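K.L.:
A single structure is presented below for examination.
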Amino acid sequence: MKNAGRGTSSEVSAEDGKLCVVKWYDNKPVLLMSVVHGTQPEDTCQRWDKKVKQYVTVSRPSIVREYNIKMGGVDLMDRMISYYRMSTRTKKWTMRMVMHFTDLALANSWLLYRKDHAICAGPKTRPIQFLQFRMEVAKILLAQHHGADADLSTQSEEEEDSNQGVKRHVTELPHVSVP
């Protein structure tokens with residue numbers, strides 16, 4: 001690593017505190033900004049130094065530690081969205097936003113489902129995979145639209161045309177974490 005975990009910082013006075021800008025060199029340079037009241041707190045961390053070929057202790061601003069802690073969830077959610085993205089070629093930005101937010105909601109829901117499953121079911125059973133989770137959500141939404149008793153694979157086009165004007169009652173499903 002070049003400049004293993006070293007950074008530079010500068011401070012500008014703001015109304016309620018100081019605006020702290022930190023450029024941190026880790027695997028790649030990262031620019032971070034925060035408002036600090038008082039002095040910028042620092043802690044130490046271990047980084048690998050290629051020149052010395054061992055771990056060295058470096059000081060880092062607390063904003064870098066916070067960034068590293070919080071970034072893991074965002075990276076995981078972005079990765080889950082990229083696996084099964086809704087891809088429809090459209091020039092309408094509104095449809096792209098709807099599809100993106102649907103992907104976002106499904107990925108976050110699956111991550112919450114996994115967390116709840118680990119707490120409620122324990123290590124004996126495995127949670128369903130992300131693709132299967134998406135398919136189950138789609139089946140539930142389609143079953144609510146077509147009626148809970150209807151088999152989705154056997155419904156004909158004539159039945160769909162005759163049911164277009166009929167409103168159905170949608171039942172609310174309880175949250176997964178509720179016992």
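Quick reminder: no glycine exception, Cβ is built from N, Cα and C everywhere.
TrEMBL: automatically predicted annotations, no manual curation.
What TrEMBL shows for this protein is this:
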DOMAIN    13-110  domain 'PiggyBac transposable element-derived protein'
REGION    150-179  region 'Disordered'
K.L.:
Over the domain 'PiggyBac transposable element-derived protein' (13-110), what does the predicted model average in pLDDT?
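P.N.:
Mean pLDDT for the domain 'PiggyBac transposable element-derived protein' (13-110): 80.
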K.L.:
Using DSSP, what is the helix/strand/coil residue split across the domain 'PiggyBac transposable element-derived protein' (13-110)?
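P.N.:
Its residues fall into 40 helix, 33 strand, 25 coil.
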